[in-house]
């Protein structure tokens, strides 16, 4: 957002991002006010700190009438943006042969038309992105070793539902919150009864999504409390930022994968006296995101994170999740462990079901999730019980796809970062960018 646009926005709606008070400065000022006495015997007046405006992601949100976001965040985002105009993500101009798009009147017209079309408007995406930033801001501040995985995911999902003002298929959680640990790279969320506790030496990947009218924002980050793995975390962050920076209209996916791989594999991790190269997990990729479909449907594209001969190009208007995974292991994952993630198969053929329980469960899935991914905890939440036989039957019949945890070799560590980008006609918008990553 340009300074002029920001000024106009704050004139129209009193929505400010107010910087948190610095406790050390406050303590110092209190000491001056209470302990120092002026020549006339009067206390010096305490100077009042002016609050500063700050970008989303590192500040307290203040809306019309002085309404402030709670901690944890539970006030719906529309209360702070009553005109329905949400913060723009990070804008990056196209490079090389597409640099002309930034100033093209034709492309600016195309963009205005997209903004005016209720089916294509960017505001749904930006609303979901702002929810993601605020929810993860609180999560990154509060997640600590000793917490249960159930506690971590419920805090994130409760915040998402509250801020996006969950309303059926209008808005809600985009997919189950992934909290994969250590050698497990993706697709782990706790099922009911899971007693796993976060440990000091763990490497935690937090991957969650928010949707508004089926427009899903997909973004992930990694946390660790063991400095040994800082380079691994930085490698994944750098690789994702490289992918985001180099992505664009007409970019070939195979070449983009090579740039990501080069960034990732420039890092190494020293554990004890052994040095481990950081490897890209070659069989995990980024992806396009479709309407109510996290992996872009049958016509979706994959964004490799290793060099390949894929000549497929990114195109104008496409919507991508750029995600990278680094590992100290073999750099390849396999399915392992109890499944928690599921999704209805898009355009699945009609299959006659013999189990009445499977028929009823399919109706419930259609009603509550459609083609959005779900997990067993979500089935519990909508009142389903004793459904495992029926669920497995739907998987066996090809109506529901299961997504078991994806793991590298036990003893290795994995890290992930992810951003959602929109290839607008004039510029690339990194919609999930925040001050944190």
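Keep in mind that glycine also has a Cβ here, set from the backbone N, Cα and C atoms.
As recorded in TrEMBL:
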COMPBIAS  1-10  compositional bias 'Basic and acidic residues'
REGION    1-75  region 'Disordered'
COMPBIAS  18-33  compositional bias 'Acidic residues'
COMPBIAS  43-56  compositional bias 'Basic residues'
DOMAIN    124-324  domain 'Peptidase M24'
BINDING   187, 295  substrate binding site
BINDING   207, 218, 418  divalent metal cation 1 binding site
BINDING   218, 287, 323, 418  divalent metal cation 2 binding site
May I have the list of same-chain residues other than 207, 218, 418 whose Cβ is within 8 Å of the Cβ centroid of the recorded divalent metal cation 1 site, in sequence order? 178, 208, 209, 219, 220, 321, 323, 416, 420
Within 10 angstroms of residue 287 (divalent metal cation 2 binding site), Cα basis - binding-site residues out of 187, 207, 295, 418: 295
In whole Å, how far is residue 323 (divalent metal cation 2 binding site) from residue 207 (divalent metal cation 1 binding site) when you measure between their Cα atoms? 10
Taking only C-alpha atoms and a 10 A limit, tell me which of 187, 218, 418 are near residue 323 (divalent metal cation 2 binding site). These are the binding-site residues. 218, 418
Intrachain C-beta neighbours of residue 187 (substrate binding site), sequence separation six or more, cut-off 8 angstroms: 178, 180, 340, 341, 403, 404, 405, 406
Using all protein chains in view, find how many other C-beta atoms are within 10 Å of the C-beta of residue 207 (divalent metal cation 1 binding site). 25
Near residue 295 (substrate binding site), how many other Cβ atoms are within 10 Å of its Cβ? 21
Show, in sequence order, which residues other than 218, 287, 323, 418 on the same chain lie with their Cβ within 8 Å of the centre of the Cβ atoms of the divalent metal cation 2 site. 207, 219, 220, 286, 289, 320, 321, 322, 419, 420
